[in-house]
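The Zn(2+) binding site annotation in Swiss-Prot covers C144, C147, H164, H169. For 72-81, the entry in Swiss-Prot reads compositional bias 'Gly residues'. Here Swiss-Prot flags 223-246, 268-283 as compositional bias 'Low complexity'. Residues annotated as compositional bias 'Polar residues' in Swiss-Prot: 440-455. The compositional bias 'Acidic residues' annotation in Swiss-Prot covers 460-483. Swiss-Prot lists 70-104, 208-283, 440-491 with the feature region 'Disordered'. Annotation source Swiss-Prot lists zinc finger at 123-176.
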Amino acid sequence: MQTQSPFGPLLGISSSLLPSPVTVAAAAAAANGHQGPVSLTTFPSAFAAFASQIRNNQLQSLLQSQIQALNGGMGSPGNGPGTPLSRNNYAHHHQQHQNQQHVGKIRGTTEYPLRKRVGGSTVKTAKVWRYFDELPTIEQAAECRICRKKIKATNSSTTGMIRHLRSCHVQEYQLVQEARQNSMIVKMEEKARAKLLREMNEKVITNGIENTPIVKKESQTESQKSPSASSSASDTASSASSSHFSTNPLIGLPAPVAIKPPAPPTPSNSILNLSQSQNQCQNQNPMFQSQNIKNEPTDVEEEDLEQKRSRDILHRPSDLGTKMFFSSPRTFNLTSAFSSITPLEDHKFQKKIEDDHKIHMQIALMLLLDQQPCQIIDRPGIRSLFKFVLPEYHMPSGDVFQATIVPQLLNQMKQQIEALVHNSSSLSSIPDQVMTSSSATSSYEDVSVNESQMAGPNVGDEEEEIMEEEVEEDENVEIEDDTSSASSSIDTDTCDAMASFIHFIGNDAFPHDELISLLSVVTNLFTYFSTRPHVQTHLQMTIIQPTSQPLVQQVQFVTSNLSIISDYIRQTPDMQLLPLAVNQEAMLEKLVDHIDQLV
């Protein structure tokens with residue numbers, strides 16, 4: 001029995017055409033000159049037997065034919081005759097068979113290579129990139145232009161750079177936020193403009209379709225009424241319809257025409273008005289070829305007014321896409337609505353600026369009332385609190401508060417107090433020290449120095465000199481600067497009352513500067529509540545009877561109602577009121593004890 005080759009079924013070759021390993025071995029032995037019995041044991045393995053069969057020319061031709069048949073059955077254009085059968089061919093055929101249901105290119109092939117995302121090849125449109133330079137590295141990082149710190153950044157994510165500006169460069173962060181808001185407003189305006197233009201175009205198309213039968217009906221009616229004018233009427237109607245549905249080369253939409261139902265005039269008048277209105281509009285603006293078909297004849301003055309109005313509207317500088325619609329009265333309301341989009345956005349932006357300014361002033365007032373440094377604004381706890389309570393509010397840094405916002409608040413308070421002093425004739429004047437402690441501004445320190453010289457050991461001799469200085473300051477108040485004018489606004493009675501009170505308690509009993517500041521705040525509080533008796537009644541405040549020393553009454557009033565006054569200021573903050581500081585409250589208690597000993 002002849003031994004069959006084990007690789008015949010794999011190659012698809014019939015057993016009759018494929019020689020057995022014994023025959024191949026015998027042939028190989030005969031070729032080598034060896035004689036002997038041939039068997040399968042001659043070869044060390046089945047693969048060696050198959051390899052010996054490949055050397056046969058007949059087998060090689062059969063293999064070539066089988067390979068060509070396989071390539072033809074697979075249908076791959078890249079495998080032609082003579083292409084060797086390899087593992088890649090089968091793998092490619094298997095992959096193609098599996099991906100037949102997918103549409104498109106296959107990832108990982110030469111037609112659709114795998115992309116390796118590396119930043120730097122696209123245009124940077126984000127506003128934050130003006131403060132960063134992109135590093136040409138695979139890590140996708142950016143370098144800050146201010147502090148040269150490397151920040152992780154990609155083309156689609158700028159969160160890291162924005163956080164870096166918010167935490168390290170507050171002013172630049174505010175500029176970026178303003179630029180982003182402006183760009184957002186511009187985009188909203190563009191979207192609104194495009195939407196409005198789309199609606200106007202749709203309405204124009206609808207109006208044109210609705211008005212088409214009117215022109216035809218008018219032409220038919222005129223042709224029936226006047227046989228002699230039928231040819232001219234049909235020509236006019238056809239020209240009107242062709243000009244009405246003429247496509248605008250700029251936008252690609254038909255030009256609008258306001259056509260009203262015809263009234264019962266004579267056929268000759270209607271045809272005349274139709275041709276006149278058409279020629280008039282074509283002479284005014286031949287590009288757009290828009291017209292208004294009037295049904296009744298009008299006077300010469302009304303026609304001139306209508307021509308002037310349409311000419312002004314057409315020559316008004318505006319968008320080319322909307323200029324063609326201004327001649328139609330049906331679209332005039334839409335154009336007015338379009339013009340009101342920009343003021344509405346400006347109003348919202350202006351309102352946000354005003355709200356932010358109010359919050360700035362309230363924070364500055366909190367710093368003044370609590371006597372806290374401006375650096376407290378930079379603490380992460382306060383910033384996170386404001387970020388949670390007011391997400392849209394961008395808090396400036398502590399340096400901005402100290403350099404700009406707090407001085408602005410002090411100037412505003414100074415103006416209000418000066419207006420209160422000048423406008424209230426029945427009120428006792430308030431000195432400038434009501435606004436500040438010893439560290440507010442240098443102008444108030446100068447006033448304190450002048451008043452400290454006033455309360456020296458010889459009070460009686462220096463009172464006359466102080467009176468002369470006040471008279472000179474009142475005479476030169478118009479030519480002095482802000483500091484000297486503020487000093488001259490001090491009332492003479494108030495100065496006399498302070499000098500008399502200091503002489504009463506003793507010139508060296510308390511530090512002069514701190515005492516002047518305390519008396520200024522006490523005078524302000526007493527004046528505020530004494531002019532508001534309904535507030536005193538509502539708060540059930542203790543009333544102090546007048547004494548020989550006015551400041552003694554004021555000091556006793558503030559001391560008796562100190563807790564009520566503090567609660568009132570805390571609940572209803574007012575720019576005209578400044579609360580007592582902690583050291584001033586302690587000094588007030590000592591002053592009251594000292595007055596009780598003297599009395």
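Yeah, the Cβs are placed from backbone N, Cα and C, and that goes for glycine too.
Features recorded in Swiss-Prot, as mapped to the structure shown.
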| residue | record | CB count, 10 Å |
| --- | --- | --- |
| C144 | Zn(2+) binding site | 18 |
| C147 | Zn(2+) binding site | 10 |
| H164 | Zn(2+) binding site | 24 |
| H169 | Zn(2+) binding site | 18 |
Extra residues within 8 Å (Cβ to Cβ centroid of C144, C147, H164, H169), Zn(2+): Y131, R145, I146, K149, I151, L165, C168, E172
For the zinc finger (123-176), residues assigned helix / strand / coil by DSSP: 22 helix, 10 strand, 22 coil
